[in-house]
Structure formats: structure tokens, C-alpha cells
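The following features are taken from TrEMBL:
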type	residues	note
BINDING	11, 12, 13, 171, 211, 232, 233	substrate binding site
ACT_SITE	95	active site, electrophile
ACT_SITE	165	active site, proton acceptor
Ligand SMILES: O=C[C@H](O)COP(=O)(O)O
């Protein structure tokens with residue numbers, strides 16, 4: 001198996017404007033050869049101009065969600081082929097904010113992942129427990145159920161990225177201990193290998209997400225089976241995202 005290539009993925013969520021492309025210019029000026037995959041998932045309105053702006057650079061562009069159907073009467077939604085045409089190469093599906101704000105179930109997330117794959121993009125499937133679930137001791141059950149229900153059959157290792165994002169760590173400044181991250185990532189790796197076979201399962205990249213910053217990135221990237229990060233707030237500023245990329249490069 002080829003070594004898994006590290007991935008620094010930024011999720012801008014509902015933030016950003018054309019003027020913020022200056023942050024990407026600064027990021028590229030500081031890290032012209034980042035030594036890992038770098039992905040930014042802006043709001044859908046920015047995908048096309050960002051893809052044009054970053055063409056020929058190491059920055060790839062992705063989407064934060066897609067609809068599960070190819071086309072149709074779904075006012076306000078965007079289909080996966082439309083995102084691909086706009087320049088997206090990855091799609092995040094099943095982020096906890098989508099699961100909570102839009103009632104997305106594992107079945108819906110899996111259908112969205114299938115749609116993204118059918119449109120030729122890679123998918124980042126998010127899983128993660130709430131604080132209540134962690135304190136109730138059901139983290140592995142919750143994450144295992146989400147993984148099983150949200151990841152489609154028949155994927156290859158290159159197409160799929162899984163992001164472990166504890167809901168209580170997102171935007172809060174709280175981060176699990178290294179042991180807690182290692183337990184979940186080790187479980188995810190085993191579950192993926194059991195389902196897809198040793199080689200395919202070993203090739204799937206596992207990201208940690210939730211309050212990753214330059215100050216804690218090196219420690220998180222030292223955890224086995226952490227292949228990078230899905231970064232929210234700290235992906236908006238070149239200095240912060242650049243610091244995380246540097247830590248990943250050094251890991
Ligand atoms: O998708 C990104 C995550 O939700 C993490 O967000 P955060 O880095 O702002 O905690």
C-alpha cells in the first residue's frame with residue numbers, strides 16, 4: 001500500500017467573501033510547496049471563483065454539502081454534478097452541523113456520498129459524538145453506527161476520507177485527549193479494514209476535526225492514524241491555516 005498522503009482540509013462554513021481570497025494568496029506565498037494535500041471548502045457561491053483563482057496551485061477546492069439527486073425540483077439545493085462543474089473536487093457530507101440543522105440521517109448522508117462519487121468527486125464523511133454521548137460511554141457505538149450507515153459500499157481507498165469530529169469540540173476550544181483521539185481513529189481504521197478489506201481500509205485517510213489550531217496541531221498529528229485535519233475557524237486566516245499545514249508537513 002502506498003503511504004497515505006496527509007490532508008489539511010479547511011471548511012469555511014458560512015464565512016468568506018471574494019476579498020478573503022487574499023488569505024489564500026498569502027497562504028500560497030508562505031507555503032508554495034506544502035508537502036501535503038491542501039483543500040479549502042468555501043460556501044458554494046465561492047467555489048467557481050476560488051477554483052479559477054487556485055488553478056495550477058497546490059490548493060484544491062471542495063464543497064460543504066451536495067444534494068443526493070442529480071437534478072430536479074429541490075429549491076435552493078445544489079446537485080453534485082453542478083459542484084463538480086464549478087470546480088469542486090471533494091465534497092464534505094454528514095457534517096454535524098448539517099445533521100443537526102437539516103435533519104440529515106445516515107441514509108441521507110450515504111446517498112449524498114454516492115452522488116458525489118458518481119459525479120467524480122471524493123467525499124469526506126464526517127462522524128462524531130455529542131458530549132452527552134461521550135459522557136454516557138457510547139462514543140464508539142455512535143461513531144461506528146454513523147460510519148456504517150453513512151459510507152457507501154464499493155468505495156476505493158482514494159475516494160473516501162473520514163473525518164472524526166466530536167461535536168463538543170467544534171468551535172469550542174475543547175479538544176479530546178490524544179488517547180481519546182487514538183481510540184476513535186484506531187476503531188475507525190479497524191472498522192474500515194473489516195468492511196473494505198485490509199488494503200482498501202488501510203488506504204483511507206482519517207482526519208481529526210474540532211478546534212484544531214497551530215498551537216495544538218503538532219500534538220494531534222502525532223497520534224497514530226491521524227492523517228490530517230478538517231479545520232473550521234482556523235482555516236480562514238492564512239497564518240493559522242499555514243501553521244497547521246506546517247505542523248502536518250513536519251509530522
Ligand atoms: O469542519 C470543521 C469542524 O467543524 C471544526 O471546526 P473548528 O475548527 O472551528 O472547531
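Backbone N, Cα and C atoms are what each Cβ position is placed from, and that goes for glycine too.
Features recorded in TrEMBL, as mapped to the structure shown.
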| residue | record | Cβ neighbours (10 Å) |
| --- | --- | --- |
| 11 | substrate binding site | 26 |
| 12 | substrate binding site | 20 |
| 13 | substrate binding site | 19 |
| 95 | active site, electrophile | 27 |
| 165 | active site, proton acceptor | 26 |
| 171 | substrate binding site | 13 |
| 211 | substrate binding site | 22 |
| 232 | substrate binding site | 21 |
| 233 | substrate binding site | 19 |
(request) Can you tell me how spread out the substrate site is, meaning the largest CA to CA distance among 11, 12, 13, 171, 211, 232, 233, in Å? (result) 14
(request) State the Cα to Cα distance, in Å, between residue 171 (substrate binding site) and the residue listed as 'active site, proton acceptor', rounded to an integer. (result) 11
(request) Check the Cα-Cα distances from residue 165 (active site, proton acceptor) to the recorded positions 12, 13, 95, 233 and tell me which is shortest. (result) 95
(request) In whole Å, note down how far the CA of residue 13 (substrate binding site) lies from the CA of the residue listed as 'active site, electrophile'. (result) 10
(request) Please classify the secondary structure at residue 233 (substrate binding site) using three-state DSSP. (result) helix
(request) Please list, in sequence order, those binding-site residues from 11, 12, 13 with the Cβ less than 6 Å from ligand 1. (result) 11
(request) Kindly assign residue 13 (substrate binding site) to one of the three DSSP-derived states: helix, strand or coil. (result) coil
